[in-house]
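Undergrad: Dropping the structure in here first, questions after.
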Amino acid sequence: MQDFIQKELEAHILTTQETMKRLAPLVEEVASLMVDCLKSGHKILLFGNGGSAADAQHIAAELTGRYKKERRGLPAIALTTDTSALTAIGNDYGYDRVFSRQVEALAHKGDLLVGISTSGNSPNVLLALEEGRRIGCVCVGLSGREGGRMNELCDINLVIPSHDTPRIQEMHITLAHILCHLVEERAIA
C-alpha cells in the first residue's frame, strides 16, 4: 500500500512540475482576461461534467463569495447547479445541449466562458463553447491530454500535460485557486 501512495504522490508532483513549466504564462493571460471581463461589467459562466461540474461550482463560489480577501462579490455563475434547467433542457433538447442552451439564454458579448473537460472533447462543453463564440464571448478551457476540440474553440485552453484524469483534475483546481487569487487581487484594485 505504501508503494501505491508513494507512486500517486510522485505522479502528482511530476504533473505539477510539468504544468508549472508549460502553463504559467498562459495562466497569467487567463487571469488578465478574467479581470478585463469583470472590470468591464461582464460575468463569468463556468460548466463541465462530473468532477468538472464540481470544479465549476467551486470556482464560481470562490468568485461570488470570496477566495481569501474580503471584497465585493464578483459575477460568476456555474451552469451546473440548476437541476430544473438541466433536466428540462436535457429532456427537451438532449444532454448535449444542457450548457449551450443556458449560454444562449444568459451570456452576452464580452462575458467569459470557462469550459472544463479532462478530455477536451465533452460534447455538451464543446457546444456551449461554440455558442459562446457565436455570441462573442471570450472562451477559456481547462482540459487535459492533448486538449481535444477545445483547442479550436478556446481563446486559451489550459491543457494539463497528463493523460491521468485524477492528475488533470488536481491541476484544474490548483490553477483555479491561482486564478481566483490573481482575480481577487486585480479585479477590485
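Cβ from N, Cα, C; glycine included.
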Undergrad: Among H163, H177, which residue does Swiss-Prot annotate as binding Zn(2+) together with H58, E62, Q169?
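TA: When Swiss-Prot describes the Zn(2+) site, the candidate it includes is H177.
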Undergrad: Of the binding-site residues H58, E62, H177, which sits closest to S117 (substrate binding site) by Cα distance?
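TA: Its closest listed neighbour, by Cα, is H58.
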Undergrad: Restricting the comparison to the binding-site residues N49, G51, N91, S119, which residue's C-alpha is spatially nearest the C-alpha of H177 (Zn(2+) binding site)?
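TA: Checking each of N49, G51, N91, S119 against H177 (Zn(2+) binding site), the shortest Cα distance is to G51.
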Undergrad: To the nearest Å, how far is the Cα of N49 (substrate binding site) from the Cα of E62 (Zn(2+) binding site)?
TA: 19
Undergrad: Taking DSSP as the reference, which of helix, strand or coil describes E62 (Zn(2+) binding site)?
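TA: Assignment for E62 (Zn(2+) binding site) reads helix.
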